[in-house]
C-alpha cells in the first residue's frame, strides 16, 4: 500500500541531529525516537527534544505493531541510567522531558522504581523541567503505579493503543479494560495530575470505534489524547489497513475538544505519543492545577 503525500516528512537538519546523537551516544542513552523508528525524529531532534527510553532497548513483549526488539531474557537494570538522563536533560536544556520504557515484565515492579529514580534525577539536574512519563501497564500492579504517582511527574501517559474489537490481535499481552482502569486509578488518586493516552488508527478499526475509545477515556477524566496513523515497520509486523485522511484527523480533534471537552487532542497523520510534547507547558499554564 503506497503512502499518500500527506505522510511525507521534511528532511532533517543533519547538524542538529548529529549533535543530539553524539550526546546520547556519549551518555549511552536510548531514545524511543530511534528504537521505534519514529517518523518525527528529524523534527524532534532538530528542535532539541527527545523521548528517553529506559530499561531497554529490548522489550519483554512482542507486540506485532512495534519496532522495538523483543528480548525476554532476564536483565539487570542499569542504576547509573537515571543520572545520565538527568545530565542529558541539563545539557540539552530541555524545558519538558518525556521518559518512557520498554515493558519489563521480568522485574517484580515492572520497573516502577527505575521510573522513580529517573524522575528524581531529572528534578535534581534540571529543577524547572516539566516531566512526562509514558508508562507500561505494569501488568496491572497498582503498587507499581502508586510508586510512580508518589514521584509526582507533571503528566502520566499510558497508551490505550487501539479499539477493543481488535485488541487481542494488536496488543495480545495487553488488556483494554486494564489500561482504562490504570488511567482511572491514576486520576482517582491525584486529581491535580494531568493524564494522557494515545491510539493508532489504520489497524482495522472504524471511525465510530475511535470515537468510542475517546469517550471511554474522557469518562475517566483523561486530559490529553494523541491519535496518529499506524505505519507498519516491516513485513513481519501488522499490515496497514487504511490511511486515514487529514480531514478525518481534524474531525477527531474537533469532536474531542469541542464536544468531549478534552484539554487537548493532538490528531494528525504523523502524531505519536510524544509529538509536540513540549507544548504541554503551555497547556499547564492555561489550565493550572494545585500542587
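Even glycines carry a Cβ here, placed using N, Cα and C.
Cβ neighbour count for residue 274 ([4Fe-4S] cluster 1 binding site): 30 (other Cβ atoms within 10 Å of its Cβ, all protein chains included). Marked as [4Fe-4S] cluster 1 binding site by Swiss-Prot on the basis of sequence analysis: 33, 38, 44, 274.
The domain 'Radical SAM core' annotation in Swiss-Prot covers 45-263 and is backed by sequence analysis.
Annotated [4Fe-4S] cluster 2 binding site per Swiss-Prot: 59, 63, 66, in sequence order, evidence recorded as sequence analysis. Taking a C-beta cut-off of under 8 Å and a sequence gap of six or more, residue 59 ([4Fe-4S] cluster 2 binding site) has these contacts in its own chain: 66, 68, 69, 70, 71, 102, 103.
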Original post:
Taking the Cα atoms as reference points, how far is residue 274 ([4Fe-4S] cluster 1 binding site) from residue 63 ([4Fe-4S] cluster 2 binding site) in Å?
Top reply: 19
Original post:
Which residues of the same chain, at least 6 positions away in sequence, have a Cβ lying under 8 Å from the Cβ of residue 63 ([4Fe-4S] cluster 2 binding site)?
Top reply: 170, 171, 172, 173, 174
Original post:
With a radius of 8 angstroms around the mean position of the C-beta atoms of 59, 63, 66, what other residues of the same chain does the [4Fe-4S] cluster 2 site pick up?
Top reply: 61, 62, 65, 67, 68, 70, 102, 103
**OP:** Count the Cβ atoms, other than its own, that fall within 10 Å of the Cβ of residue 66 ([4Fe-4S] cluster 2 binding site), considering every protein chain shown.
**Re:** 21
**OP:** Work out the three-state DSSP category of residue 59 ([4Fe-4S] cluster 2 binding site).
**Re:** strand
Original post:
Roughly where does the domain 'Radical SAM core' (45-263) sit in mean pLDDT, to the nearest integer?
Top reply: 94
